[in-house]
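> To start, I am sharing the structure in question, which I have written as structure tokens.
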Amino acid sequence: MEIYRKFLKINKTAQRIVLFGISPWNKLKPWPSILRTEDSVQAKADTMSGSIPFYQKHHRHYDRGYRSRETESAISQYQQSSSSYSSRSSKSTQGVCLIKQWILTDMCMFLHDCSIRAATYTALDEGGIRPLPTRANPTYLAMDKENQIIGYVVPIFRGSREFESGLSDTEEARAKESAGYLARRDLFTSGMELERTEHKSRRTVMRESAERISLSKRIHENEEYHKRLNEDSLMHTPEFVIKPRSHTVWEKQCVRLHCTITGWPEPRVVWYKNNVSIDPMAHPGKYKLESSYNVHSLEINRCDFDDTAQYRVSAMNSKGENAAYASVVVKMPCLEYGVTFETHIVEKFGVAFGREGETLSFGCNVIIYPSLQRFQPEIEWYRDDKLLVPSKWMQTHWSGDRATLTLTHLNKEDEGLYTLRVITKSGFETHSAYVFVRDCDGEVEGAPGAPLDVQCQEANKDYIIVTWKQPAVDGGSHILGYFVDRCEVGTTHWSQCNDTPVKFARFPVTGLVEGRSYTFRVRAVNKAGMSHPSRVSEPVAAMDPADRARKGTSAPWTGQIIVTEEEPVEGVVPGRPCDLSVIEATKNYVVLSWKPPGEKGHEGVMYYVEKCVSGTDTWQRVNTEIPVKSPRFALFDLAEGKSYCFRVRCCNSAGVGEPSEPTEATTVGDKLDIPSAPGRVVPTRNTDTSVVVSWEASRNAKELVGYYIESSVTGSNAWEPCNNKPVKGTRFICHGLTTGETYVFRVRAVNAAGISDFSQESEAIEVKAAIANGIERAEGGGQGGHPSSLNEGKQCKRGNVGSPEPTHKREPEIAKPAENWSSESCTPDCIEMEPGTGSADNRKCSLNSSVEPETAEEHERGRRGSASPAPPYGITVLESVRDSMVLAWKQPTFIGGADITGYFIDYREVIGGVPGKWHEANIKSISDRAYRVSDLKENMLYQFQLRAANMAGVGIPSQPSDVFRCEEWTIAVPGPPHDLQIQEVRRDALVLLWKPPVYQGRDAVNGYYVDIKEADADFEMWRGFNEKATEKRHMKIKDLKEGESYVFRVRAQNKAGVGKASDTTEPVKAVTKPGTSEIVVDVDDDGVISLNFQCSELTPDSKFIWSKNYEEMSDSDRMTMDTKGNKSKATFKTPSEEDLGIYSCVVTHTDGVSASYTITEEGLKDLLKISHEHKFPIIPLKSELAVELLEKGRVRFWLHAEKISANGKVEYVFNDNMISQGESSSSYRRKSEFQRKEWHRKQGPHFVEYLSYEVTPECCVRLKCKVGNMKKDSVALWYKDGREIKVNEKLDFSEGVLTLEIAQISKKDAGVYEVVVKDDRGKDTSTLNLTDQGFKDLMNQVFSVIANSSTQLKIQSTEEGIRLYTFVSYYNDELHVTWHHKDAAIAFTDRIKSGVVGEQLWLQISEPTEKDKGKYAIEFFDGKGGLRRTVELAGQGLQPSQREALNLTCNISGDPMPEVTWLKNEREMVSDDHYILKFESGKFASFTITSVNTSDSGKYSILVKNKYGTESGDFTCLVDVLFPHVVFSPPHCTSLHPESCIRDGDVILSPEPSTRLNGHQL
């Protein structure tokens, strides 16, 4: 034992010497290698220690300076005895030298000694007999698998622990272990003073421990020293070595979240709860934060339900930030033990009225039983079915028993139906009421109301389209238009965007700064003044959509976005854009959209947009300066009424690509028309202060925004708006009316184009409560209120009690109208509910969506006489995608005696063959027998069940369907058709109808096949009825065997093939039932054609449904339907070929009573012939028309017919004129006198054609007339204003035409012209009045001839600039001419003038600029449409390609030889490859542009000078951006020094220098 103690002492000393290379008392600093060895040794020691957490034993980040308090005690005792111990410390330093001396010579001796000693120890252990098992003595020899000695193990001691042995794997470790043995051997044999440690005291043990701690401290300090020497290489962002773990605890338990974080510099750690930092001082005793040696923890004491949240721990230093998350869920035991909450809403808010700018607050008290202190319900507010989010315009508050909503600064956008929903774990309860917002008083009396709902759309870097809705109040006069204002975010300055008001409720705002954010508002204006501005829009950034999608960031307050360009990788010319189309066209702008090209290289592409007037080939680039980056562009400044084509080119650094395919011709103009006036308006009594107003929707209204309703007290003609926000339905409840007063109502429709005319006024109605106390209670309002207002006090149960249904999936159902549904219809005995299958009360309240209006008594009587329907059956899947499935089913066999109003669907998951709980797929009933169930999980198995509902209630559920998998269908062929129906069953034929498949496959369905077989035949007996596919969705099945039962199915096909067959129909027996009648065609006595059908099996609920080609039709412009008793008649209004087809009639609530009639082309002709005979019958006569002379010269005409009815009408005709009954003979006397005079006039010379005028192409006015019955001595005399005119004209008796020509007519030629022809037989006179209006008409015809004679506009270069001109055949001073530039009249200035020289009309543009480019027109006024001549000032003459050259040449003379300088835009030019400048022989100066492009446009000058003076010549060159047309203004000479012009040797510049383009003289 003594030897063992000595060995331990030696072992520990050797360990310190070998591993550290120094004595524990030496003051030298350790080596870097010693630091790494110490780390490994310390790690082994830490593994043996049990004082550190288990999860930190194997992590290098653990701080080894962290120890127990025993270490602190040992250090303090060591400091007290360090002085006495230091004197003996020097003796141990001799071991270092001995190691170097004996490390190689004694290695073998050491191994041999160790092996003998190990064998001795082993023999003693095996030979000893001990009563109790003891721990095996440790061995210090390292052996391999074959028990061969390979080294010596150095034990490591720590405190009172014994030791730990390990096996080294490297040669360096083995050498160190051997050196340790030699040191121990030397000290053991020569150091006798070590033996005095046999009886060590506790103080010595503590001293040794303190030495080790001191040494570790020095090592740690050395590490920190080296870290500070190179901090940059060690610094790194915080990292989570151990992240916090989520916990689920019970209420009142404690929970602790802890994590381990590394990082340099040391990170700062902050804990958050739901993104809100946790402050322990704000909640004393609740939270406890601890941080020690990179271990951070958060402790939450006595958790409650409010502690359920997501917790985040964030670590941050100078290198970055990192975060980790953990969730804490606190369960309340009471909810797990079947507690059911009952919710009651009391003291409800009612219909409220507010005014713009005011603050409105309303709410309800909520009672929840049982009341749990820790439980709070979820409160949600909705407006018009949309969930409200707190903002600066609205705030919500929940005090624990009252829910309040506050609307600050009311605006018309705040008007609507507000719904409060209180959600608990057991369900939800709701209450709704309407809030009306009136316009505030205008600043000017009679001004309109403010617009509303301002929104920004199609935002781009250079424009934003602003839309809004028109106000309901126009102030008594029509709104002239709207002004749009903008304000940059971060400023308060508003600027007006449009100079003139716009009438269309959509306006593109331009001139924005790219990257800035803006808000907008709109003001309305009428003749009285301006309205208040609307509520401002949401901020929107003016930037390219492509940049917005790629960057998605904005500056803090200005909204400026920093855009960077990517470096191109490879230059590839992009391809053609595709799918170019016009997506929007108005008279102000056109919006284009296209798709990027497939080939565009590795860099982004930009686009150039080009336009072309339809019918021409001249393409003009629109965005010449900056190409756009997004595949969408808006074009402005287009001529209204003109047609344009558009195309797009792509470009990048490699060049410009080929253009896309041009669009179809698009005419610039508003495509959206103002909607037509709504139809009939029907008011219905509701409450003491409200009336329900219904109306017929506007016909063919496009993009309808809604309707405005107005009311007026009968006789007052003072109309007030009932709503200030458009409603989209055709039914509205008008509140705030005076009880007992009589009102009339009218409606008008609204869309972006404007507001329609008012509908016809409704019938007057007195405001008082209806029999059933109103369709809604007082708190209801608007478009039908909320279903909960009809079922107050009833708890809306849910199938899944665990959690409320997500509101975003049921938003459309929370506030749907519940019309005409009595509260008694929601009694519990109406529905049999399976436990956990869904909400019974919700579904009962939604059945009324298809119930026709009726009185309370009729409804109750019908309900009591009916029963709920049987369950549907035959549930199939028509289509399946990843998250939804379309179901179809068959109608119940028993409908309960009343029409089925809808169906309800439940679904449940099937996991591992075990079905789950039922969930509702729809809350509001659906009328069709097909429905898409959404929000399903992909690849999950589902079952479905259905219920049918009628006015008696909801029936029992059907049997669960087969198990269907929700997965994406990828088959190419179409799905099965559905809803097969059979009509017109006869003994040998019937009609089969079906609906197309929901799943179309890869291609559209192009036909159907019908299969048939006997009902009792085997499956193999199916046979096709039609060999060729039919495109119709109905077919008449013929050649059936009487009395045989048949079944049918239908298959659809597309290009890929024939799809799956539909479900089989029920068996149908081919038999004609007794009493079956057919449709009869009748033509009545008035020739009216009608189809008539009679049913003998009619029931009180039966209805006649007429169809054309088996598609239901109602009253239309072609037919009218009328039903009386058991007969129904469909009458044609104006029969024509449009009425050809199959007409059928089905009677509901019967045993399949139906019939059809086909009107063919031949049959229609026969019917029209019969109709004409009935309208215009031929009455046979017994005698012809006879004349009888009576006394006093009277005459009687009479005839005798065989048969004529009392309604017969007789008409008398005299000289092709109808004689009315009782007409006096004086009129016939006057007519007879006129005819007598005409006979006498025609006996002599007379006018066959009276005097008229015509204008010749030479603009001469020719008066002409034609005479007849002339002879040689007949004369013709002309007169003007009573004075004879001498005419050198001889009568041409062969033609008989007299003419008088007036050349260069003017105002002095106005007057009354008369011509007289006479001879001995008589005379005749003709007069033509050419004064006032007559002369104006004549001059307008002259102006029309002048306009038509004008030549096309031409362009001429003059000394002053550019002249546009046209020639006419004759110019008249009265001719009114207008010049236009870009479709706007030109305002003439000193620079732009117009005039007339002879027959030339010209427009002079001096010093033309870029702004002068464009389309010019001259318009001649002729009193009608006028005539225009146009020209494009974008290039005339030659049209060179982009690679042609331009050459300018000047002849120069002067002595001495002048110096020549060429200038471009006042800057001196230098000759290069593009601009070649030459001066040859001292006389010829030339300037050549080798390749003309758009950048060559500008002002060019030549400057020549010598010592006697200077001369210059200027040229203006304009190159068009599409095709480089070159336009030059003529050169002019400018003498800089006029006094030198008379000297000898002056420079002479040719006044007309030659200008050549590719050898062509310009």
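Every residue gets a Cβ built from N, Cα and C, even glycine.
TrEMBL entries are annotated by machine, without manual review.
Copying in the features that TrEMBL gives for the protein in this structure:
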type: COMPBIAS; residues: 806-816; note: compositional bias 'Basic and acidic residues'
type: DOMAIN; residues: 238-329; note: domain 'Ig-like'
type: DOMAIN; residues: 356-436; note: domain 'Ig-like'
type: DOMAIN; residues: 450-545; note: domain 'Fibronectin type-III'
type: DOMAIN; residues: 576-670; note: domain 'Fibronectin type-III'
type: DOMAIN; residues: 677-770; note: domain 'Fibronectin type-III'
type: DOMAIN; residues: 871-969; note: domain 'Fibronectin type-III'
type: DOMAIN; residues: 976-1075; note: domain 'Fibronectin type-III'
type: DOMAIN; residues: 1074-1160; note: domain 'Ig-like'
type: DOMAIN; residues: 1245-1331; note: domain 'Ig-like'
type: DOMAIN; residues: 1444-1516; note: domain 'Ig-like'
type: REGION; residues: 535-555; note: region 'Disordered'
type: REGION; residues: 778-871; note: region 'Disordered'
> Taking all residues of the domain 'Ig-like' (356-436) together, what is their mean pLDDT?
88
> For the domain 'Fibronectin type-III' (677-770), what are the DSSP-based totals of helix, strand and coil residues?
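So the counts come to 0 helix, 45 strand, 49 coil.
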> So which of 356-436, 677-770, 1245-1331 has the most C-beta pairs under 8 Å when paired with the domain 'Ig-like' (238-329)?
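Against the domain 'Ig-like' (238-329), the leading stretch is 356-436.
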> Between the stretches 356-436, 1245-1331, 1444-1516, which wins on the count of C-beta pairs under 8 angstroms to the domain 'Fibronectin type-III' (677-770)?
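If we count Cβ pairs closer than 8 Å to the domain 'Fibronectin type-III' (677-770), 356-436 scores highest.
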> Which residue counts does DSSP yield for the domain 'Fibronectin type-III' (871-969) in the helix, strand and coil classes, in that order?
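Residue counts for the domain 'Fibronectin type-III' (871-969) by secondary structure: 0 helix, 49 strand, 50 coil.
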